[in-house]
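Peer 1: Structure in structure tokens, see below.
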């Protein structure tokens, strides 16, 4: 009986580049899982830029993960409106003009998502009322979907003109650079979940009861840098030599003293206590105790609800855990999917090896 068509051995039908392809996919999957780790620390820089002048109003850098590096950003209104803003001499060229700018309400409109009728850059994306999502005004503009909130900082209302402390150091209330219109930018919950791969733009306007409200625009940019490879840690040089646990010192019974020769005074010899080197267990307990003392002195509120954990094998890493709620549902699913993909690819590689 003739065999069926295409009855060549299985190994003749397999792509000879199969192992390399599978290996490349495995490496790529491993890199993807490592890159998507929510615990990886980066050097994150947030930058607020005045788009009218190109000047940087704020640049804040910090170390953190992609899910928690969202600090408050502090800058000044004069960093956004500059010296000469419009034809009504509203700006920050003189100390008096800076003080005057403090008397106006301000409102902010997003340029990253522009609703219908809100205009473009010329209107500061505030082409009609209702486009504003945040600010400091009597009608309290707010939004449930915008990425930031921008409010005025704490400035005493009775503070006088905005004098520069480097020029007028003797004037009460003078500040560095004459800045007396502090602003505070905070990230909303939506902003902490948004993608910041590209700059995002907002328009800012000061509210005036008559005339046109002047416009300025600013951008917010995030720059993420890898802090480099991790440096291996350990072993702890203090407890590198392993010793058994300390044992109670053996009590040596003294021998009966020899009677002194006739005519000499009796001298009782002093015996030094036997020296005992602490064992590994003693030093580990001392390490935990010292860590607790340091934690208790620096953050006494944390010692009431935290655990001190010590790995029982070298290099004896020590960790601090605080009780709280946490949810890693999304992270757990992505991790499981990544492991399943790797196991599937390993199975394919194993089958190829068996048939070759």
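Cβ atoms here come from the backbone N, Cα and C positions, even for glycine.
For reference, Swiss-Prot lists these features for the protein:
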| type | residues | note |
| --- | --- | --- |
| COMPBIAS | 254-263 | compositional bias 'Pro residues' |
| CARBOHYD | 43 | N-linked glycosylation site |
| CARBOHYD | 58 | N-linked glycosylation site |
| CARBOHYD | 296 | N-linked glycosylation site |
| CARBOHYD | 328 | N-linked glycosylation site |
| MOTIF | 306-309 | motif 'CXXC' |
| TOPO_DOM | 33-331 | topological domain 'Virion surface' |
| TOPO_DOM | 353-356 | topological domain 'Intravirion' |
| TRANSMEM | 332-352 | transmembrane segment |
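Please situate the listed features within the shown structure.
Peer 2: Note: residue 43 (N-linked glycosylation site) has non-local neighbours 61, 62, 63, 224, 225, 226, 227, i.e. same-chain residues 6+ apart with C-beta under 8 A of its own C-beta.
Sequence-distant neighbours of residue 58 (N-linked glycosylation site) (same chain, 6+ residues apart, CB-CB distance under 8 A): 46, 47, 48, 73, 74, 75, 79, 185. Residue 58 (N-linked glycosylation site) carries a strand DSSP state (E or B).
Taken together, the residues of the motif 'CXXC' (306-309) have an average pLDDT of 62.
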